[in-house]
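Enquirer: Next up is a structure, given as C-alpha cells.
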Amino acid sequence: MFEVIKTEGRARRGVFTCAHGTVQTPVFMNVGTQGAIKGAVSAHDLAEIGCQIELSNTYHLHLRPGDEVVRDLGGLHRFMDWKGPILTDSGGFQVFSLSGLRKITEEGVTFASHIDGRRIFMGPEESMRIQSHLGSDVAMAFDECVANPATYEYVKPSCERTYRWLVRCKEEHERLNAQPGAVNPHQMLFGINQGGTYPDLRVWHMDEIAKLDCDGYAIGGLAVGEETQVMYDIIDAVEPHMPADKPRYLMGVGTPSNIIEGVARGVDFFDCVMPARNARHAKLFTWEGAMNIKNEKYKLDERPIDPNCGCPACRSFSRAYLRHLFVAGEMLAMRLAVLHNLWFYNELTARIRQALDQGCFQAFRHMYSQKLDGRI
Ligand code: GUN
Ligand code: ZN
C-alpha cells in the first residue's frame, strides 16, 4: 500500500506499507547485495544507522548460496536477521553488468556465472521463482538494462521484449504468491521502465506497463553511461506517465545531488552502491561536501568526520584516528567509513522528508543540491 501524504511541486512525501513494515518516503534503500553490506556491516548495524529498507540481489543469491538454500532456511529475512522490508532486484541488471558471455532470446538470458563461468539461464519465470524463494517484500521485474549509448535500432526491440517479459513476470508472480508454502505470499511486484535515452520509447513503454497495474514502478537503464542532464530529462519525460498513486523508484541512483534532483522530479525510492563503495575508498560524505579522509591534512585533526553527524564513527572517533586506520590498512577503517556514509544517505532522505513535511523542500534543494556533490 502506498499513500502520498504531501506534495511540493512534483516532490512527494509518502508512506509505503509492506509485509515487514512501513517505509517513510522519499527513502534510500541500503544495498546488501549478497545479504550483507560490503564493509563488514550486518543487518543489526543497519537498524542502528536509520535504514528503513534493505536491497539484495537475485543474481548473487541465486549463484551463492542458492535461492533454494535461503528458502529452506526460512527466507532472506531470517537468513540475514533483518526484520524490516527487503526489496530484491531481479537480476536484469547484474546479468548484463557482471556476467561474461550472454545470449538474449525471447525466452530469457543465458549467461556465464561471474564466479565459476558455469552457464546459467534466467528468464522472467526464473527470476520470479528465485525472488519468491528469497521472500522479499518487493520483487522487481526481470528486464534488460541497456548501457548508454545504444542505438534506437537496438533499444526499441529490447524495450518491447522487456514489456513482454513483464507480462510473464506478472503471471508467474501471481501464481507463486498463491502457492501454499510461499515464503512471503504478500510479495509485491514493481515493473521497470526502459527505453534508453529515447523519450518516445520511454513514454510508450511507461504507458504500456502502467496498464498492467503493478504495485509500483521503477525507472531503470539510467546512470549507465549518459550525462546527468540526460538522466534528468528522461525522468522529466517519463514521470507524468507514471501512476501518481504508486511508488516510484529510480534504480541505482546516485550522488546526494542526484537524489535531491530525483525527489524534485517526483521519485520516492532510491538505491546506490556509491556510499558504501566510496567509503571503502576513503571518500566520505559530509554536509559541507565530500572529503578524502586519507589526506595528510587530517593527520592531527581531532574533530569527527562531520560535526553534524550522529553516526557510530562520528560519535566516538576523530578524523586523525580514521585516517590512521585507512593508512594502516585496518579493516575497522572500512567498517566505520561505511557506517558513516550510509548514515549520511539515510539522514539525507530523512532531512528531505522533514523539508517536505515543513513545506521547505525547494529551499533545501537550493541550499544543498550543489554543495553536497562538491569537495571540502
Ligand atoms: N539497477 C540499476 N539499473 C537497473 C535496471 O535498469 N534494471 C534492473 N533490474 N536493476 C537496475
Ligand atoms: Zn558520521
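Quick reminder: no glycine exception, Cβ is built from N, Cα and C everywhere.
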Enquirer: Besides D89, S90, G91, G92, F93, D143, Q194, which of G50, G221, G225 does TrEMBL list for that substrate site?
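Expert: Looking through G50, G221, G225, the residue TrEMBL assigns to the substrate site is G221.
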Enquirer: Starting from the Zn(2+) binding annotation in TrEMBL that includes C309, C311, C314, which of H324, H340 is the extra site residue?
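Expert: That Zn(2+) site, as TrEMBL gives it, pairs C309, C311, C314 with H340.
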Enquirer: Suppose you had to name the range TrEMBL annotates as region 'RNA binding'; which of 168-174, 252-258 would you pick?
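Expert: Of the candidate stretches, TrEMBL labels 252-258 as region 'RNA binding'.
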Enquirer: State the residue range annotated as region 'RNA binding' by TrEMBL; the candidates are 176-180, 261-265, 276-280, 316-320.
Expert: 276-280
Enquirer: Give the subset of the binding-site residues G92, F93, G221, C314, H340 lying near ligand 2, defined as CB under 6 A from any of its atoms.
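Expert: Checking each Cβ against ligand 2, the ones under 6 Å are C314, H340.
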Enquirer: Looking at the recorded positions D271, C314, H340, which have a C-beta within less than 6 Å of some atom in ligand 1?
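Expert: Correct list: empty, so none.
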Enquirer: Considering only the binding-site residues C309, C314, H340, which residue has the minimal Cα-Cα separation from D143 (substrate binding site)?
Expert: H340
Enquirer: Given a separation of at least six residues and a C-beta threshold under 8 Å, show me what packs close to Q194 (substrate binding site) in the same chain.
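Expert: Within the chain, Q194 (substrate binding site) has Cβ neighbours under 8 Å at D143, E144, C145, V146, V155, S158, C159, T162, L201, R202, H205, G220, G221.
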Enquirer: An 8 Å radius from the center of the C309, C311, C314, H340 Cβ atoms defines the neighbourhood of the Zn(2+) site; name the other residues of that chain inside it, in order.
Expert: P304, I305, D306, G310, P312, A313, R315, L339, W343, F344
Enquirer: Neighbours of the substrate site D89, S90, G91, G92, F93, D143, Q194, G221: Cβ within 8 Å of the Cβ centroid, same chain, sequence order.
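Expert: For the substrate site, the extra neighbours are V95, F96, M140, A141, F142, E144, C145, I192, G220, M251.
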